[in-house]
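These notes are about the structure you will find just below.
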Amino acid sequence: MLVLGIESSCDETGVALYDTERGLLAHQLHTQMAMHAEYGGVVPELASRDHIRRAIPLTEACLSEAGKKLADLDAIAYTQGPGLGGALMVGASMANALAFGLNIPVIPVHHLEGHLLSPLLADPKPEFPFLALLVSGGHTQLMAVRGVGDYEILGETVDDAAGEAFDKTAKLLGLPYPGGPLLSRLAESGSPDRFTLPRPMLHSGNLDMSFSGLKTAVLTLVRQQESAQGELDEQTRMDICRAFQEAIVEVLVKKSLAAMRQAGMKRLVVAGGVGANKQLRAALNDAAARKRFDVFYPPLALCTDNGAMIAFAGAMRLKFAEPAGGFTIKPRWDLSSLPAV
């Protein structure tokens, strides 16, 4: 069964081909990062227009890479939500038009389910059940995953997502958009001992998290340093980046360990863009070695938004249940509302 996946929820256009017998056959991705950098953030209207420009050429490139034709497709999956309404509409329009013309099923996919299942595209693959740490620019959640569609949210951020906190803090430090990845790179050269920032809700007694207060703490620290020395020098900026990243990582790791104890699970799956963070991976790998559990990640290329995860999630939905179909988008969509298969 050959499934075409289309991702267009925000500022990446992703198209991929997944075969249930042979695995991922082709994967094409275009990022709009450079286009939005001029504005310091994602401009929804520009994002939608760029998806329109890119979706068909990327699909053609994907088919060519795999040596396939449209007539070979058995189904088409698309990101139904959550995301930017106009951007989602591009993928939904294309998927439904192609599926109608080819007389094949169309499969709406939850964007976060795509992220959750993306580590199953790696090798070795995690087995159900597992605990998932979903950590991205828009979401930070801890979930018990017992099967496709069987998700229980155990804890989540009560304000900013971890990736959002990275980007906002980078902006406070004067780093160019997108600042989160650059902040992480600068943190690698920062001193681990010079500054210490708070760990919000680390001892809250539940699995929820909070990261908005870290921005305020960084702003206070920046003002203190500027008052003492004038403009921040590069080393001070790197040291602040290090302190910020260490605070985020410690909260994510300790909350994940607590969630695993609560759920009684020995497998941890990390998904989402922040899952590519080197310090987070190192800390989780160290914890896994000490606590004797297994940790799984998607391939680095599939940590960001991509069509491969949508094609795979769509294939799983098609394999185990009738696709919902219908020309709809859901810019706001609770993952826990998905039916299990």
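Quick reminder: no glycine exception, Cβ is built from N, Cα and C everywhere.
Of the residues ASP294, ASP305, Swiss-Prot puts just one in the Fe cation site with HIS111, HIS115: ASP305.
Record check: Swiss-Prot places LEU134, VAL135, SER136, GLY137, GLY138, GLY180, ASN277 at the substrate site, and the matching candidate among ASP150, ASP167, ASP193 is ASP167. Taking the centre of the Cβ atoms of HIS111, HIS115, ASP305 as the Fe cation site, the nearby residues of that chain (Cβ within 8 Å, site residues left out) are GLU7, SER9, THR79, LEU112, GLY114, SER136, GLY272, ASN306, MET309, ILE310. The DSSP secondary structure for LEU134 (substrate binding site) is strand. Annotation for HIS111 (Fe cation binding site): spatial neighbours GLU7, SER9, THR79, GLN80, GLY81, PRO82, GLY83, ASP305, ILE310, criterion Cβ-Cβ under 8 Å with sequence separation of six or more. Fewest Cβ neighbours within 10 Å among the binding-site residues SER136, ASN277: that distinction goes to SER136.
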